[in-house]
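**Student:** My questions all concern the structure below.
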Amino acid sequence: MKGPKLTRDPYGLVGTTLAHRYHLEELVGIGGMGVVYRARHLVTTAMVAVKVLKPDLALADPELVEAFFKEAKATVGLDHPYIVRVTDAAMTDDGLPFLVMEWLSGRTLEEEIRRRGPLPLAQVATFLEQIGEALAHAHARGIVHRDLKPANFMLVTDYKGELIPKILDFGIAKVLHSTASARVSRAMGTVHYASPEQFRAGAAIDHRSDIYSLGIVTYQMLTGRVPFDAASVERVIYEHLHVPPPSPRDFRPELPPAVEEVLARALAKDPEARFSSALELARAFRHAIGRGGGELRLECRDARTRAPVAAALVYLDGRYAGQTDAEGKWGIRDLAARPHIVEVASPRHHLWRETVSSERGEECVLLVELNPLPLGSILLRCAVAHAEVFLDGVRVGVTDERGSCVLNGIRAGRHRLTVRHPQYAPAHIECDVVEGEMLPLVLTLRPCRGRILTRLAFWKKKEGVTARATAMKGRLPPPSAIFDTLADTATQRIAPAAPTEENARPRVTARWWRSRRALAGGIVGLSLAGFGLALWLWRGSKEVPSPAPEVRWEVTSAEPVSPPSPPLPEPSRRSEAPPAASIRRPSSAIPSLTSPPQAGSPAEAASVKEPSSRIEETTSASPLAIAEHVRRGNEHFTAGRYDDALREYHAAQRLDPSNPDVYYLIGLVHERRGEYEAAREAFQQCTDGPYAAVARNHVKMLEKKRLKPRQKP
């Protein structure tokens, strides 16, 4: 997006970095709604254009920022060669939203008209066709530009060396028109290109508003001026609403009369009277200047059977153009008079591709013979109904009630077949399809684990209900024992309700014993299950590397140093153990940094009783230097830079060779790098301190890895 070089940045953003990845290098331009900078991506070093929304627009209305990002998300999906590609959207540290777009080196259509004046008819027709294709692509996705003007068309050179337009600021104008005030629209300078419905309160705005604006841009490309150019903004709005546009032949008499009719229809006050699409406007303009395109028709046939090929996809110049009908025919009118690349694709045939030259006013009929692909069939049986069948990851069918599925038209070669069902585990099979043959396949689906448990629970519950029903059946009285009167019934019911002390005590004792036995059995069962689960987790799962020790020193003349973060957390094996940060290392000769020893303390006394050689070694090795090496090593370890971490840990080891914690850190680095022999030797050096037990566990695991034979693939 090359423009005039500006030396003054009103917002002072040149030289700053946005979102930690876009370094702004130069101010390119200032528009009505944003400021454009040339920037460079710090990771890919690619040059991009960054457009920052003006502070008076972003900070005045918070809803504007939300709508800005919503439209930017929809704009990212517009992938078209004539639309500028938006790659990112984010917020600055000051709360200003910005867009990141591809960098274009060229000039705007406004600068081209100002430099050359009215453009040639052929070039106007070409620009209209290219812009019409881009607008049709956006309108098909429900996106309306609302701010089409020559300044929003960037002219760049394609790979053929020809000028092509690229549309800028898709979706941004919609946000401004819907949330900002009329003052913003006037400041943007869009009043000369706005449609009449944009000035009517509550009027519906759709893609036909862009057609009106495109008509004004076409008028300016032909005459070098806009149709409505009054002295005041209010007068311009009035002319948009009520005054018909002046004839373009008044400013360019050599224009064909049909061009005036095309522009009159494009600039109609009623949206219903305009062209239905931008492509229709472009084709009508080409016919009006006598450069109407030709007509192309295709008839697709199978090269072997001569049968018509229906639903074949047709691509014109790399873009989808339609598909053949039931008779294998397809056609297009008003095709530009130039060479075109036509492609026909069918799932059962080879791709057909040809370059066709279209002549003005002529009809070209092509007979397309598609060569069939070598195809085969698959007969699948899995004994599971309504199971989904996937071929190479694509769903191709469902099994019937008998669990069978026939797949026809499968390309010959090797394929991967997958069968899925909610109640069964997925089944996969690799198969080779032969041309003209049916391949029978049989797959066995196994029920899911949860399904098996559900079935076992169901049968267990059913057996329990049956047992209870049998026991109740034995308690029911025989028919001969049924009471004859209500009095006898009441008597028989009341009699057992008052048990004597002699028969009540055995019942209570039996219930108490059964409850104790059930409780004891439940406790024993849960204990065994927990022990087995813990044993399985300890032996079967990979042990997580233990955390790096937090080196805490004691010096009276230095400020407290924050303890280094562990490279990787490890769950403690005993809940009552104190945290790693609070464990004192008796093996380390360097004191703690948290609290200096008190006079007469045991630590001070022990330091006094040490040999003179030990005191000299501790004095020569600076505690702050060792702590700094360990801290930097932990940072490198956390970031995955194991070579740098190993270098820092070795430096700490040279300063204090008797510290077992440093050997433990070195072992962790070697183990993470896969150097198990070196890791085992380092862990064996950690024989003292709080991490000695963890180091021994690492040594055991490394011995298992060394002795375990490698499985052949």
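Just so it is clear, glycine is given a Cβ too, placed from its N, Cα and C backbone atoms.
Below are the features listed in TrEMBL for this protein:
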type	residues	note
BINDING	LYS51	ATP binding site
COMPBIAS	561-570	compositional bias 'Pro residues'
COMPBIAS	577-593	compositional bias 'Low complexity'
DOMAIN	22-286	domain 'Protein kinase'
REGION	555-624	region 'Disordered'
REPEAT	626-659	repeat 'TPR'
**Student:** Using DSSP, tally how many residues of the repeat 'TPR' (626-659) sit in helix, strand and coil.
**Tutor:** 28 helix, 0 strand, 6 coil
**Student:** With Cβ-Cβ distance below 8 Å and at least 6 positions apart along the chain, what are the contacts of the residue listed as 'ATP binding site'? List them in sequence order.
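**Tutor:** Correct list: GLY34, VAL35, VAL36, TYR37, PHE98, LEU99, MET101, ASP169.
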**Student:** Limited to the repeat 'TPR' (626-659), I'd like the whole-number average of pLDDT.
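**Tutor:** Averaged over the repeat 'TPR' (626-659), per-residue pLDDT gives 88.
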